[in-house]
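J.: Could you have a look at this structure, given as structure tokens, before my questions?
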Amino acid sequence: MTKLVQFGVIARNFSSSSAMQAAIKNVTVIGGGLMGSGIAQVSAQAGQNVILVDLSPEVLAKSQKSIGANLGRVAKKMYKDKPQDGEKFVSESMARIKTSTDPAEAAKSADLVVEAIVENMSVKHKLFSQLDGVAPNHTIFASNTSSLSINEICSVVKRKDRFGGLHFFNPVPVMRLLEVVRGAETSDATYKSMMEWGKAVGKTCITCKDTPGFVVNRLLVPYICEAIRLYERGDASARDIDTAMKLGAGYPMGPLELADYVGLDTNKFILDGWHKKYPNQPLFNPIPLLDKLVAEGKLGVKAGEGFYKYDKK
Ligand SMILES: CCCCCCCC(=O)CC(=O)SCCNC(=O)CCNC(=O)[C@H](O)C(C)(C)COP(=O)(O)OP(=O)(O)OC[C@H]1O[C@@H](n2cnc3c(N)ncnc32)[C@H](O)[C@@H]1OP(=O)(O)O
Ligand SMILES: NC(=O)C1=CN([C@@H]2O[C@H](COP(=O)(O)OP(=O)(O)OC[C@H]3O[C@@H](n4cnc5c(N)ncnc54)[C@H](O)[C@@H]3O)[C@@H](O)[C@H]2O)C=CC1
């Protein structure tokens, strides 16, 4: 699936903002967790210079390790008969990734900042208002948010024309989609740059307005929630619900398996946020079983138990 993509946008310096075509060669990814490490990996694979930032040096060390291992999986497939070329691919990609614990410093050399920190509006506001003061004029800011409004996130920055959503999917190196989200003030030039960059890092891009959950999560969250309600009512077993959707609808994972994979706390966080914002939408109503599992710490794969039991990693 992952192809080595030659990055083809010519680097240029721009002093003015709105009419420019940003030249993305240097990307700063903020948040070195699950998503940030995947975004850093696919960017480096595509020839970008990457700075991966996290507040925690331990997280950065863990990310580097997992990126190395995942690049190894990619190399094994891409260079099946040429293991030496595979090793070169891994070491060159790794060499393009620098790490930092200082978001402001790392934004100073960025053409694009992709934010993948915790899903919390006030934490994202704090980060972006700090970066807005130090990043170069031409730098585009993007959020990988799953469920928050791009317009609301960018309300704290001056560069609203150079702000958008770049929503990746988990696991980033495998999932081929990138949702490119236009906020109310995202300029045409910024949108075009984001689309080109998405293609350059090997993704198929679709466009969506700034609506809750964009395309995928707006459909996926109610689907998963309906599956939980079906199970809660005792209409079918968890295993049968999952088997039904895998064999009857061709999904790679059933809805309850996917809920465990994403994390039940994340499911609940998104549902609660949308319920608060749209109290009259019954699809977003709280689910007592989901609340109970989260309260018991049964958060899915990462906790060793959710709808199913897992070996703890
Ligand atoms: C209420 C909803 C709330 C949403 C909350 C927020 C979430 C979001 O905002 C948006 C999201 O991300 S939603 C989740 C989207 N992801 C999915 O739906 C995943 C569905 N599952 C799958 O595609 C496969 O089971 C999957 C690919 C995961 C695993 O496939 P398999 O079961 O076949 O397992 P493997 O055989 O291990 O892997 C298949 C191939 O992929 C390679 N691979 C797996 N992980 C990798 C990784 N991390 N890096 C690089 N390569 C990787 C693996 O090597 C294998 O390759 P092949 O050997 O060539 O087949
Ligand atoms: N987990 C998923 O399947 C997906 C998540 N997302 C979104 O991506 C973002 C990140 O999610 P994950 O990677 O799952 O979270 P995660 O918890 O694995 O990683 C977040 C990282 O951000 C770091 N961090 C927190 N505040 C920071 C700050 N101010 N500066 C620098 N680093 C900071 C944390 O130390 C942590 O390592 C969220 O907005 C989430 O909604 C989007 C698509 C899929």
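Using N, Cα and C of the backbone, Cβ positions are placed for all residues, glycine too.
Note that TrEMBL annotation is computational and uncurated.
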J.: Among Lys298, Lys302, Lys309, find me the residue TrEMBL lists at the same NAD(+) site as Gly31, Gly32, Gly33, Leu34, Met35, Gly36, Asp54, Glu119, Lys124, Ser146, Asn170.
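T.: Of Lys298, Lys302, Lys309, Lys302 joins Gly31, Gly32, Gly33, Leu34, Met35, Gly36, Asp54, Glu119, Lys124, Ser146, Asn170 in the NAD(+) site that TrEMBL records.
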J.: Got a sec? Which of Gly31, Gly33, Met35, Asp54, Asn170, the binding-site residues, have CB under 6 Å of any ligand 1 atom?
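T.: Going through Gly31, Gly33, Met35, Asp54, Asn170 in sequence order, those close to ligand 1 turn out to be Asn170.
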J.: Determine, using Cα-Cα distances only, which of these binding-site residues is closest to His167 (site 'Important for catalytic activity'): Gly33, Met35, Asp54.
T.: Met35
J.: Taking the Cβ of Asp54 (NAD(+) binding site) as the centre, how many other Cβ atoms fall within a 10 Å radius?
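T.: Other Cβ atoms found within 10 Å: 24.
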J.: Tell me, how many other CB atoms lie within 10 A of the CB of Gly31 (NAD(+) binding site), whichever protein chain they belong to?
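T.: The answer is 25.
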J.: Let me make sure I understand the structure: which of the recorded positions listed (Lys124, His167) has the fewest other Cβ atoms within 10 A of its Cβ?
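T.: Lowest Cβ count within 10 Å among the recorded positions (Lys124, His167) is Lys124.
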J.: In terms of DSSP three-state secondary structure, what is the assignment for Lys124 (NAD(+) binding site)?
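T.: For Lys124 (NAD(+) binding site) - judged by DSSP and reduced to three states - the answer is helix.
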